[in-house]
Amino acid sequence: MGIALTYYDHDFINITNSNIKNTQFGIAILQGTNNEVHLVNITTDITNNNGIRFYSRWSIDVNTVHLTGVLITNSFKPALHVVCNGRCTLRLTNVTITNNSNTGIIILGKWNIYFTNRPSFISNNRSPTNGGGIWIDRYSSVTSSTEVYFINNTAQGMGGAIYVNEVRYSTFIYNHLTFKNFIPIFKNNSALVSGDNIYNGVYHGQVALSNEFLNVANCQNISFSKYVTSAPIGVCLCGDGLTVNCDDRSLDGVIYPGQSINLSLVTVGVCGGISSSVLVTSDTQSLEVVHVNVNQETVRKCKNFTYAINKIENEGTFQIGIRKSAANIGLINSQVAVSIRFMECPLGLRVVSGSCQCDNMIGAINGTHCDINKSPHHISRSGNNWLYYSQEYQCVVAHTNCPFDYCDTSTVHLSLNESDLQCRNGRSGILCGGCQPGLSLMLGSNQCQACSNEYLSLVAAFMIAGIALVVFLMVSKLAVSSGSINGLLFYANVVKLNEAALFSNGSIPVLSQFIAWLNLDLGIQTCFFNGLDSYWKTWLQFAFLLYIWLLIGIIIIGCNHSARLARLCGNNGVPPFIDAYTGPYKDQYRYWTGLLLIIRLLLTTVFSYTTGTIPEINNYIIAVVAAILLYKSRNVYRANKLNILEAFYLINLGVMAQLNAVSVGMNLHISSIVTSVSISLSMIPLIVIITLPVSSKVARYFYVRCSCIKKYTETGDEEEQNPLLMNEEELHSPTRIVMGRESMIFDFNITKYKFKIYAK
């Protein structure tokens with residue numbers, strides 16, 4: 001059952017060396033006045049109620065309780081529960097309160113608590129509400145001349161180690177302090193809501209407390225102030241390293257209308273201890289505050305809050321504070337004041353509903369957005385859009401069709417003062433038409449790079465390549481007059497025109513070079529000389545073609561004067577220009593070459609617009625053109641195999657275009673695969689066309705050599721005795737006689753719509 005005592009006035013009670021275990025309660029004493037109780041070497045263990053309980057009934061009671069060497073453990077109610085309606089004293093020496101499930105000590109009324117002589121331990125106690133170690137009434141005070149250890153105490157509410165039942169901190173006169181010369185040692189205490197160690201308490205007693213927030217939040221004279229907090233009383237800023245700064249009560253900012261500001265804030269209680277709360281802001285007539293963070297609840301550490309400030313006037317101030325409560329009512333400067341001055345909107349933006357947004361020019365362009373918080377690049381654009389601010393004319397320039405491969409088509413953030421950010425490959429200037437300072441344009445691409453004049457040595461390589469190309473064409477008999485490559489050239493020209501869509505992910509190795517070479521483009525990136533720009537590159541594109549024609553002219557003239565060169569090149573005369581292009585076609589289809597040329601020019605004109613605006617339509621146009629040409633191209637060539645070859649290239653072109661259109665429309669992402677397969681198929685006939693003549697010539701060469709050797713062995717002696725020719729040049733007709741022969745001439749009879757052939 002335990003020990004239960006009731007006594008009245010002027011008594012002295014001493015209980016020593018008692019061990020109470022597994023009882024309803026330990027020791028319960030009801031006192032009168034002017035009594036003194038000594039409990040020495042007492043242990044209570046496993047009690048359903050209090051381990052030790054003292055109760056003074058009257059407001060005039062003055063009693064003293066001494067606890068020395070007392071251990072209270074495993075109580076299901078407060079381990080030590082003391083109540084005094086008068087003024088009582090509790091002295092604790094070497095007291096241990098541990099492993100209790102409903103608070104270690106509860107002190108109600110007016111008590112002076114002294115921890116004396118030897119340290120006491122309050123550990124591993126739990127509370128379902130507040131005060132895991134000690135729960136102290138507002139009228140009591142705690143003093144110690146020795147250490148008091150608070151270890152591993154927990155509370156589901158506030159005050160893991162100590163909870164003081166006091167909530168008012170302004171405009172109030174206190175005549176006592178909660179803690180006087182207190183020497184606590186805190187370790188691993190926790191509270192679910194706030195105040196792991198000490199929650200609440202009076203720290204500025206005996207004087208009329210000032211209404212200034214800083215006076216309440218500042219407890220520099222208290223050695224354990226860093227362990228103290230209370231109900232929230234104000235807002236503080238956080239500095240670097242998440243340190244709390246309550247000294248600065250205002251901020252100044254210069255921002256754009258509608259721009260957001262980020263503030264690291266925390267709410268604090270008495271002595272500056274962090275205490276969770278909910279922030280509130282106050283608008284003024286000069287500005288509007290928009291909460292970017294819907295949740296304005298603070299946590300038990302510094303937290304970032306974002307506020308968008310809309311402009312009403314050129315400047316204004318707003319405050320960030322907490323809701324009024326009994327803890328902070330009447331406190332001055334408990335809020336943080338933020339003063340704002342607004343700047344003019346950046347170029348390309350204007351004030352709309354208090355916020356900087358895209359102006360009419362920028363906002364009208366698809367793929368363009370403005371965000372005043374993306375400083376210093378407030379504008380984002382994508383696609384072939386190009387934006388610029390002209391200082392000369394003081395206006396915004398917006399272009400929706402940047403040249404292919406000049407502008408970055410991905411999303412780019414920029415300001416109109418830095419338009420070069422939209423350019424790719426080292427380009428800059430109006431529509432990214434030039435190179436950045438110090439860079440030169442490269443051959444074979446639109447890329448700019450730092451180049452030196454050492455690359456001029458490539459001229460020798462180009463000259464050798466020209467000679468090799470002429471020799472290759474002569475050996476392989478690749479010419480438009482044969483008709484074997486006409487369809488391939490049209491295919492390559494159209495693919496080159498639509499390379500923005502077909503090679504959207506960059507060039508395809510080998511295949512891209514193949515298409516470039518068929519279009520007489522270098523196809524590889526390389527420097528040429530320092531300072532190369534678009535003007536000189538344009539002329540250089542014609543230089544190689546003129547060089548090829550020059551070589552051909554030299555060969556023609558040389559054949560006219562050298563029999564050996566004529567034998568090497570063959571005895572064929574050079575047909576007229578028109579014959580070279582129209583010769584493979586039937587008479588009624590001699591217009592076909594001109595038709596394909598006109599179609600190329602029309603596609604060039606159309607694609608120059610659609611590539612920058614609606615590039616996906618290019619594939620549909622190509623598919624339709626290929627289908628029409630396929631229908632019209634039946635039997636246009638004299639040789640049926642050329643008709644089949646022409647149809648193959650047109651079908652290949654149309655199918656590739658249509659599959660690419662479907663891939664883009666359905667987001668299949670197979671355009672690169674389709675293009676690669678199509679170009680690879682187009683290479684196969686070319687390889688066959690080249691291989692057959694070369695292999696035929698090689699076979700004929702070895703056949704002739706073998707025949708000559710055999711004939712020479714049989715008739716060698718006879719030839720030595722009867723030479724038929726005086727020199728090698730007599731083996732063939734003189735070149736001037738061969739070239740002097742008149743070729744077949746076509747005379748177009750307008751009245752009969754047919755060709756007549758004459759010959760001298």
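Keep in mind that glycine also has a Cβ here, set from the backbone N, Cα and C atoms.
In TrEMBL this protein carries:
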TRANSMEM  455-480  transmembrane segment
TRANSMEM  500-518  transmembrane segment
TRANSMEM  538-558  transmembrane segment
TRANSMEM  591-611  transmembrane segment
TRANSMEM  617-632  transmembrane segment
TRANSMEM  644-662  transmembrane segment
TRANSMEM  668-692  transmembrane segment
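Same-chain residues lying 6 or more positions outside the transmembrane segment (538-558) and placing a CB less than 8 Å from one of its CB atoms are 443, 462-463, 466-467, 469-470, 520-521, 528, 565, 569, 574.
Long-range contacts of the transmembrane segment (617-632) within its own chain (CB-CB distance under 8 A, at least 6 residues past either end) are made by residues 494, 498, 500-501, 596, 599, 603, 606-607, 610-611, 647, 650-651, 653-654, 657-658, 660-661, 664. Most Cβ pairs under 8 A with the transmembrane segment (644-662) among the ranges 455-480, 591-611, 668-692 are made by 668-692.
For the transmembrane segment (591-611), same-chain residues at least 6 beyond its ends with a Cβ under 8 Å from one of its own Cβ atoms are 384, 401, 404, 480, 486, 490, 493-494, 497-498, 500-501, 581-582, 585, 617-618, 621-622, 625, 629, 633, 636.
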